[in-house]
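Residues annotated as domain 'Orotidine 5'-phosphate decarboxylase' in TrEMBL: 5-232. According to TrEMBL, the substrate binding site annotation covers ASP11, LYS34, 61-70, THR125, ARG187, GLN196, 216-217. The active site, for OMPdecase activity annotation in TrEMBL covers ASP61, LYS63, ASP66. Taken from TrEMBL, the feature active site, proton donor covers LYS63.
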Amino acid sequence: MIKYSPIVALDVANLDQVNTILKQLDVNPRPMVKIGMEVFYHFGPRIVKHVQAMGFTVFLDLKLHDIPNTVERAARVIGALGVEMTTIHAAGGSEMLAASKRGLMQGAQEIGKAPAKLLAITQLTSIDDQILHNQQHIAISLQESVRNYAKLAESTGLDGVICSALEVPVIREVVSPDFLCITPGIRPNSAQNGDQKRVVTPNQAAKLGSNGIVIGRPITQSADPKFAYKQIAEEFKEEK
Ligand SMILES: O=c1ccn([C@@H]2O[C@H](COP(=O)(O)O)[C@@H](O)[C@H]2O)c(=O)[nH]1
């Protein structure tokens, strides 16, 4: 089973903060860095190049969700950035997912690199059963919804999903062993949950079979991001 070092979500306000965190993450092995909407909307594709030039692989988390034609064209641009992973909402359906896969592959061909791993967002880790039932008006359980999206993602040729580690065991029942489950909603015991609803510790995520945890604020807002990262990485290594 592929197991990534903890992936650090770089949700910060300016370039100084980006550089400060990246300097702190100069550890061995180097973690993958997740660039999300805040930093990408601020700086555009040049921030991807900047982070790559500092020696980090990039997970570009833009959570595409639009009509298939628009998504295919956007995914082509992402594919040509040479990132390691990227995301799309499974709720957009199989036609949209397949279009994004095509776009990503075209973009990757243009730069002669392997395409980014395409991961489907299932249900955001800020969603719980109450929101699912009372606001999205989805009658099935959250676990079932996540598992259905995982099956849809795999049957459309995606590489994996974004889910809570809590759902990894039920996803593994219905997908092939190399299908990736990348899991945000990670909180070490001492950290605040904030807006995250489905939360586990790094060690629980390891025990539940996560291929890689995504973690932001407990590292980026820590007084000592390097120490925080190392502790989380140690905890995620331990599977007992
Ligand atoms: O379901 C999801 C999908 C993506 N995320 C992203 O992960 C990080 C988590 O950051 P924390 O500060 O550790 O909460 C963030 O960039 C989200 O956009 C997620 O949390 N849940």
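Heads up, the Cβ atoms here are built off N, Cα and C, so glycines get one too.
Residues ASP11, THR125, GLY216, taken from the recorded positions ASP11, LYS63, ASP66, PRO68, THR125, GLY216, are distinguished by a CB atom under 6 angstroms from ligand 1. For the recorded site, LEU62 (substrate binding site), the DSSP three-state label reads strand. According to its DSSP assignment, PRO68 (substrate binding site) is helical. For the pair formed by PRO68 (substrate binding site) and ASP61 (active site, for OMPdecase activity), distance between Cα atoms is given as 18 Å, rounded to the nearest Å. Over all protein chains present, the Cβ of ASP66 (active site, for OMPdecase activity) has 16 other Cβ atoms lying within 10 Å. ASP61 (active site, for OMPdecase activity) is 11 Å away from ASP11 (substrate binding site) when you measure Cα to Cα. Around LEU62 (substrate binding site), taking its Cβ as the centre, 17 other Cβ atoms fall within 10 Å, counting all chains. In this structure the alpha carbons, written CA, of GLY216 (substrate binding site) and ASP61 (active site, for OMPdecase activity) are 13 Å apart.
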